[in-house]
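Report on one structure; see the data block that follows.
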Amino acid sequence: MAKSIATVSISGTLTGKLEAAAAAGFSGVEIFENDLLTFDGRPADVRRIAADLGLTITMFQPFRDFEGMPGTLRTRTFERMLRKFDVMAELGTDLLLVCSNVSPQSLPGRGRIVDDFRDLGELAAARGLRVGYEALAWGRHVHDHRDAWDIVHRVNHPNIGLILDSFHSLARDVPIDSIRDIDPAKLFIVQIADAPRLDMDHLYWSRHFRNMPGQGDLPITDYVKALIAIGYRGPLSLEIFNDRFRAGSASGIALDGYRSLKLVEDEALARLKRPATMPQRIDVHGVEFIEFAATEEEAGPLGAMLATMGFEPVGRHISKAVTRWRQGDINIVLNSETEGFAHSHSIVHGASACALALRVHDVPAALARADSLRIPRFAQAVGSGEMDIPCVRGVGGSLIYFIEDGTQEQVWRNDFVPLTDAPVPGVGLSRIDHIAQAMGYEEFLSWLLYYFALFDVTKTPQLEIADPLGIVHSQAIENGDRSFRVTLNGSAAAQTLTSRFLNHYLGAGVQHVALSTGDIFATAKALQERGLERLPIPRNYYDDIEARFGLDPDLVERMAAYDILYDRTDEAEFFQLYSRAFAKRFFFEFVQRRGYDAYGAANAAVRLAAQSRFNTDTVY
Ligand SMILES: O=C(O)c1ccc(O)c(O)c1
Ligand SMILES: [Mg+2]
């Protein structure tokens, strides 16, 4: 399906918007009237710029408050319409969007509205133009696409058609099944937008919180599936009103838009069991390693911290200053090379996680999926005899490596000299539970889409967590067997932990790594004996959970002794404790899950407050 985008979706000037849309891969644009009004040039100039960029102008929009107007208002509306027809002729587009009337002066009578559109159809036909009717979710008399379709059907004029906008339909829970009643030949264009589920009035929700397919909660894939099923083959045109996108980078937003339309089209085709346009989302089998980059000076203290966590160096790279630390099924690679990617990363960010390696079913298919989403690959020189592990760019310029599941031992054996054959006793940590990344609030939705479009994962609902210095937005993506979980954290407030992290780290990246144990108390005791510095939790917290959950006081005392946080839903229990941060850049979490599938959001405010007590940046 052709991919189009409304200029209102992108930040900047009209020319910049058109350039960004073309560069991202769109073939068409809807010119939003405001963008034309503020453009310092004639509509014909817009037509020329678009044509030079290879863009079709799919539509001019919106024309407001047309139908059902009484008396002289009706005459005036038709005069206004003819002026816009002139603009369209100059713009070189034949399609106009009329959105349903919101004026208190408009009349509800269906017969009158049908007559208005019939007269309009004649005027449009005389000019070789088409008009599509869109039901706004807050339209005065028409706010449901079934009513808009009923009107268009009754008008029965070749130049009058229907326009669907997924937001208006889905925000009002109009049944998707009703799309089956629409004649696809009369469906002139479909606008696409997702949105988070929010309980607010439709207009405010639509104008500020729309987002792209893959970023929100609406059943957008089923919507597109229904369109394909009735034989609609026209453009999918993204129309997003979002405060964050207005403040974002035009090229970044446009590229996300393109990815989101490819994603939703392919997911819809898959549900119809029709051939896809790109390889399937990547099936991750687990995290094989996480790589930290550190200069020589920082590698020492970081290694010492890993040792207090029960890790031991078990391998040394055949040619590079790279060590493999291990415990349970967890591999941490510590890279202190003095050139190459990891080195550049540690120069920019300081010691920190620079790459994740994921075990996947099919590496070439994984790379092809990334290619189709225009996610850049990364490559650097490989030493002789070393494995070349393919990778793509991830959050904040970090890397995601792909290793074919089953070949990991071969990779380790090939590239690393073993330092020991003895098993690592450790402190009971067995695997990586999740990886938490911090990012700017304005890039949050972009990374959410990145993960959701690239990998076969689901999203948890977005949470707002109270940091003592502002709100942190948090949302997780996770695969089916939970062997790959990433939590994304973004904050618009300048001094939250997330924002302080961004300042210290100079950008987005891994903020903490959570490791799982089967026995939190044994692990906590062993961590203490090895001298790990823990995040202290105040006594009030323990009094509260004892009361809240009706816990055995002895258990509460043991948790308090080790600064262990607790959560419970139904029968499922969760225990978590935190290390202090390394150089204010990242920290570790230790968790035990007993049938529990979330992240302890109820404890996050307590943890963030505890961490902010070590914040030396801010004077309260
Ligand atoms: O918010 C609005 O007014 C508006 C205008 C045009 C559209 O296509 C739309 O979906 C909403
Ligand atoms: Mg619309």
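The chain as shown is numbered from 1 upward.
Including glycine, each Cβ sits where the backbone N, Cα and C put it.
Look at TrEMBL and you will find GLU134, ASP165, GLN191, GLU239 tagged as divalent metal cation binding site. In the shown protein chains, 24 other C-beta atoms lie within 10 A of the C-beta of ASP165 (divalent metal cation binding site).
According to TrEMBL, the domain 'VOC' annotation covers 286-405 (among others).
Here TrEMBL flags 431-580 (among others) as domain 'VOC'.
For HIS434 (Mg(2+) binding site), the number of other Cβ atoms no farther than 10 Å from its own Cβ, over all displayed protein chains, is 21. Classification of HIS434 (Mg(2+) binding site) by DSSP places it within a strand. Annotation comment: TrEMBL describes HIS434, HIS512, GLU589 as Mg(2+) binding site.
Most Cβ neighbours within 10 Å, among the binding-site residues GLU134, GLU239, GLU589: GLU239 holds that distinction in the structure as shown.
Comparing the Cα of GLU134 (divalent metal cation binding site) with the Cα of every entry in HIS434, HIS512, GLU589, these being the binding-site residues, the smallest distance points to HIS434. Close to ligand 2, meaning a Cβ under 6 Å from one of its atoms, is not one of the binding-site residues HIS434, HIS512, GLU589. Less than 6 Å separates the Cβ from ligand 1 in the case of ASP165, drawn from the binding-site residues ASP165, HIS434, HIS512, GLU589 in sequence order. Counting in whole angstrom, HIS434 (Mg(2+) binding site) lies 34 from GLU239 (divalent metal cation binding site) by their C-alpha atoms. The secondary structure of GLU589 (Mg(2+) binding site), as reduced to three states from DSSP, is extended strand.
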